[in-house]
Amino acid sequence: MKVLGLETSCDETGLAIFDSSQRHNTNQGLIGQVLYSQIELHATYGGVVPELASRDHIRKLIPLLNQLLNECQLQKTDIDAVAFTKGPGLVGALMTGALFGRSLAFALDIPAVGVHHMEGHLLAVLLGQDAPKFPFVGLLVSGGHTLLVAVKGVGQYQILGESIDDAVGECFDKTAKMLGLAYPGGPNIAKLAETGNPHAFDLPRPMLGKGLDFSFSGMKTAVHNLIKDNPTDIDNPNHAQTRADIAAGFQFAVVDTLAKKCVKALQHTGFSRLVIAGGVSANLELRQILAKQLAKIGATVHYAPPALCTDNGAMIAFAGWWRLRAGQCDDLAVSCLPRWSMSDLAKVD
Ligand code: KG4
Ligand code: ZN
């Protein structure tokens, strides 16, 4: 089955084709993907402007589909099903993909399925060479979500903990903005942190002792206070080390908090595998510290290939295929769910 995946939940227009008959190949069945990032469009605003995002998805969907079909040497009529991101995300952005995907499927007389964006992130790990077996604990860390989930199979998700305020990615982005770095902040903070001392400043680890929920707004305030009390002018070379130290201290505090909660979640479930997914899972410091901490309790950490950590169409095509092969699909009505809990998803046998 060839599934066209469409991702438009935020600021990335991602399209890909997953062919289940080629799952045994080294590409794991992913026969082509194209991605257009709107980063430049939003850069001047320091964050995603929802209306601009929707308009740009509309502009890019058809040219990107044509480019993808060309690269795969396929016709539209070769596609067997369409999977689109149904939620969670920005309502206008989601609607562009839902309308486009549902209409295309209707015109081609093939099924369409709406995919949960975070399930897409989570299952992307199965597209890599390092695919873990079920069950595992999932740490989902993106611009909009911070979740710890017990995963017993596809669609069998129990939320163990989540952020009560800012998402981790959002916290990276806001800290980057305070340091005068461009959006998205995660990769820029990580780069600046390379030359910093993570122990120069002591940042809080909020809610460490309290169950499996997270809170990151206190960390953001702590960074704000550090910046107020220390000179961090981006144009002054004398301030470069302080900036790097703040970035490193912040990154270390976030990663340390996440790692400790992951160890707790593994001990709580008795599972021995952890999957990290979503944009922040691209963070190398997070991967390294998790590998070290988990080795101490005999557990392993798994993540998707780098290109599949941040938003993309491949994860949507792949998650859609799991649901389509179980006979699940959407009806003809076009709908999206900007707020949608993973625990409400149907089980896939
Ligand atoms: O999953 P994603 O691409 O989009 C959403 O669904 O939100 O995640 C984007 C988030 C952004 O907040 C970005 O700053 C963060 O992932 N991110 C990173 C890194 N790469 C992306 N955060 C920390 N370190 C990175 N290397
Ligand atoms: Zn995402």
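Every residue gets a Cβ built from N, Cα and C, even glycine.
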- request: Quick one: which of Gly161, Gly186, Gly270 does TrEMBL put in the substrate site with Leu140, Val141, Ser142, Gly143, Gly144, Asp173, Asn283?
  value: Gly186
Task: Please pick, from Asp256, Asp311, Asp330, the residue that TrEMBL records in the Fe cation site together with His117, His121.
output: Asp311
Task: Would you mind pulling the DSSP three-state label for His121 (Fe cation binding site)?
output: helix
Residue pair His121 (Fe cation binding site), Asp173 (substrate binding site) - Cα distance, angstrom, rounded: 19
- prompt: Rounded to a whole number, how many Å is the Cα of Ser142 (substrate binding site) away from the Cα of Asp311 (Fe cation binding site)?
  reply: 9
- prompt: What does DSSP call Asp173 (substrate binding site) in the simple three-state scheme?
  reply: helix
Statement: Restricting the binding-site residues Leu140, Val141, Gly186 to those with Cβ under 6 angstroms from ligand 1 leaves Gly186
